[in-house]
Amino acid sequence: MSRGKHKPTITTERWRFFVEGKVQGVGFRQGCCRRAMDLGLSGWVRNLPDGRVEVQAEGTPMALSELRLWCERGPADARVSQVRPSQLPITGADWFEIRS
């Protein structure tokens with residue numbers, strides 16, 4: 001077996017999660033932002049007028065999977081009924097923020 005100088009490539013993906021249930025007014029955006037930053041993700045989270053929360057995050061598939069698991073639970077006072085995921089094109093964002 002030859003030893004090449006190939007470096008493993010890190011796959012980056014971007015996903016949108018629409019989070020439904022009692023997810024506004026319970027600290028969901030703040031908790032999501034903290035978790036995303038802990039996972040090294042970039043993107044944003046915001047409340048929607050219809051009561052849902054929208055999350056767009058970019059990073060490794062493993063980190064995105066961890067964020068989705070967090071979104072399915074949310075903070076202690078949240079009652080998540082459903083998370084609807086969809087994959088998006090990568091934008092190359094550098095940070096994670098809370099949008100209004």
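Every residue gets a Cβ built from N, Cα and C, even glycine.
As recorded in Swiss-Prot, the features of this protein are as follows:
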- R29: active site (ACT_SITE)
- N47: active site (ACT_SITE)
- 14-100: domain 'Acylphosphatase-like' (DOMAIN)
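Within 10 Å of the Cβ of N47 (active site) there are 17 other Cβ atoms, across all protein chains. Under the DSSP three-state reduction, N47 (active site) is assigned to strand. Here the domain 'Acylphosphatase-like' (14-100) returns a mean pLDDT of 98 for the predicted model. In the domain 'Acylphosphatase-like' (14-100), helix, strand and coil residues by DSSP number 24 helix, 36 strand, 27 coil.
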